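As annotated by TrEMBL, transmembrane segment applies to A:21-48, A:60-81, A:102-125, A:145-163, A:234-252, A:264-284.
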Amino acid sequence: MNSLYIARESMIHRLDPRTKILFVLFIVISSFLFKDPAMQLILLIGMFPLVLLSKLVKQYLMSMQFLMLFVVLIMTIHGIYNPIGETPVFEIFGGLTFKYESLVYASVMSFRILVIGTAAVIFVMTTHPSDLAIALMKWKVPHSIAFMFLSTFQIIPIIAREAKIVMEAQQARCLDVKANIFERVKHLVPLFAPLFIITFVKVHQLSYVLECRAFSRNGVKTSLRETKISSLDYMFISGMLVLLLTELYLSFAQQISLTTSNLLVSSLFAVWAVFFIVIVKFVYKKVSVFIGG
Amino acid sequence: MSNRDAIVVENLTFQYPDTETPVLKNIHFTLKEGEVLGIIGRTGSGKTTLAMCLNRLVPTVIQGNLEGTISVFGQDISQRSVADMADKVGFVFQEPENQLSQMTVEEEIAFGMGNLGISREEMKYRIQETLKQVGLEGFEKRSPLALSGGQQQRLAIASVMAMRPSIMIMDEPTSMLDPRGKNEVYDVLRKIKTYGMTGVIIDHEVERMASYCDKILVLDDGEVIMFGTPKEVFSELTLLHEMEMNAPQVTELADRLRKELQIDVGSPITVEEAVKAFQIVSIK
Amino acid sequence: MEPFIKVTGVSHVYPNGVTAIQDVNLEIGEGEIVAVLGSNGSGKTTLVKHFNGLLKPTTGQVTVGNMNTKKERIAKLSSLVGYVFQNPNHQTFLPTVRQELYYGCKNLKISEEETEKRVKKAIELFELENLLDANPFDLNSSKRKEIGMASIMAISPKVVVLDEPTTGQDHKGCKRVLELVKMFHEHGHIVVLVTHDMQLIGELNCRVVIMNKSRKIADDRADVVFKNQELLKTADLQPPQVMELANQLTYLNRNESYLTIDSIVKWFKHNKKGLEEERKIGTGS
């Protein structure tokens, strides 16, 4: 796998990368407009149909697991210890009290992570890097910057593989990579110096190759892949515009607050429950591998 | 075959900025259209620098002081840039993997064409054409990184061929490959003449060069020591040995039989020639 | 005597589920030169990486000098089995040749006296007296590869594994590799070559192990193995050019293998008299 992109035949995949960039921006703005956890939750749930449409539910859930770790930590620690909290909501194991204000703060922060994370994951998993480069060029981003963006995707797996070879090559010179932590810090040089040299050589040679492929030639450039703004994109963009205006109205004119302490407590429990499931799954996997041999 | 001159090099001297002596010294040679030239020489003799002069990588990207003239199909190239030359002189490098920059095989081939501004329709046609020429049909959507070395190098060749250059330069295109990859790549290279291309190849494997090239140029310390047909060049064994170089094994064998046992089988340079020559062994 | 390296029923499955080698048995004893051949992906690199513990067998067992590689640290095994990587850039990175030579022994934390002894030996072996203060990156590619080798030999390992030592080298470089392999052999090292270079193997006429599709399909002296043309074809190996010629000259002794120019010259030397009488030799019988 070269990047996080996963090919599917879906409406979301067909959207122009520029539309999807706007979408990510829209979500980020929306998420910061609302200081109300309930609205964040609505945003999060509101995006789930898009995940369904992109046919990447499983992959999406997998990538969210990692974010859950942050969410659990933030919800729990801030909920208890954040000094802005005054009104106790409920108490666990004698003395540790979750307070309303702290929970509001913590859940806005954690839901925001999930909301923006979801938008980013949808974007990255449904957008082909080459299309992104082309789209950027249509926005008058210089050719070379768009290419750099693209080649970064390409070079990461190569560097990862080279890093493994360097590791082995240095072990063959009796470098003990499993030594104590102080030793290991010292070992960063023999691992990174060769990796740096090798990457440098590769990039240098690639620059010659690109020249030989007429990279810096003036004139019109063409592309094999087609990216076109279609009626679907216009619909999507208009939809976002309408929603954005509504959100602005709601957040400034109305000052709505749907949040109740019940909602907060149930979110907290829900987050714990999800995290617990993730942990159980993880342990189960490890154990079954161990037992399976 | 036409008699046009594809490459004419005259008085070519090149020196890197931080060195005291030139890497290329007063080089002359002419290559006809449709011929394949092999450049041989020790490591550090200036082979790659010479090859890079032909598409202007030297001195425009790799800088230094260049004197003399190079003409490609009658045109002086001294004012051209590498990107400018790309659809006339293609360049295949040694490391297959370092020549790949795109996500899929078809995009890799399309990349050069895109820089030339070739239409999408034409791109699609040429992608199919070149994939067939290098024997990679059906690989369009694959990731270049998932291919074997031989396949990657053939992809690099296809990417160059899609730009339709009339001259193809290959700098040790098979030295990093295993025997299977070497054969795959040489099978493709053997065909470039039938596509009307002129070739320049650098390689250490003299056995392959002897049967593949029309002309051989021997470079030592930046100077042309010999230039001629493989037969002419590889017959000069004493000279080659002085430069710590070798001729194909069969030529070396024939030479030793003549010197040590006075058995004369001529100077075969390929296995086929040698088999014929050894069928009738005459003793002087 | 126990073989120094003993591979018993070894299979290796990578984490991605690919079986790289399957049920391989191999013994390498004192004073041997062994060439491991096979195309890329045949499992030859996977096999030799078991010798210094870079890889551990999924099933089966590898012992090196009576140590089970599963139970030993790679750093310790590497002091017995030196592994010279194909690309010196992966291994060498220090600013002077001298530092490169000391580096391995420093990692091993052996006494200063012993370190000096080992490094001195490597300097003599590779004739590096005048190059000690040179920066390896200023040297040409052949010489840099040699520095890579020297820096491993300075650890003074019992076994040395050379991964593609002649790839990308010119004639002079290839001849130097041949010389070095013979020298390591004379100094009592076991040499394991991973290579595609059939001329090199022809010249050494050493023991050859051929890997194909993750299995060992041949293990014998080069002159015996190379007689089997079917086998070479299966493993995508091209014999040296002189051997291709010899295969087509029916008057040569069919019981012999002609791996080198020398071997054919020798045949003509022995049969010159007969040739003079006949004056002519047909290809038919």
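In case you wondered, yes, glycine gets a Cβ from its N, Cα and C as well.
All annotation found in TrEMBL is predicted automatically rather than curated by experts.
Most Cβ pairs within less than 8 Å of the transmembrane segment (A:234-252), among stretches A:21-48, A:60-81, A:102-125, A:145-163, A:264-284, belong to A:21-48. Proximity of distant same-chain residues to the transmembrane segment (A:60-81), defined by a Cβ-Cβ separation under 8 Å and at least 6 residues beyond the stretch ends, is recorded for 51, 54, 96-99, 102-103, 105-107, 109-110, 113-114, 117-118, 121-122, 125, 267-268, 271-272, 274-275, 278.
Within its own chain, the transmembrane segment (A:102-125) is flanked in space by residues 3-6, 12, 20-21, 23-24, 27-28, 30-32, 34-37, 40-41, 43-44, 47, 50-51, 54, 56, 59-60, 63-64, 67, 70-71, 74-75, 77-82, 84-85, 89, 259, 261, 264-265, 267-268, 271, which lie at least six positions past its ends and keep a Cβ under 8 Å from the stretch. The list of residues near the transmembrane segment (A:145-163) in space but at least 6 beyond its ends in sequence, with Cβ under 8 angstroms from a Cβ of it, reads 1-3, 129-130, 132-134, 136-137, 191, 195, 198-199, 202-203, 206, 210, 215.
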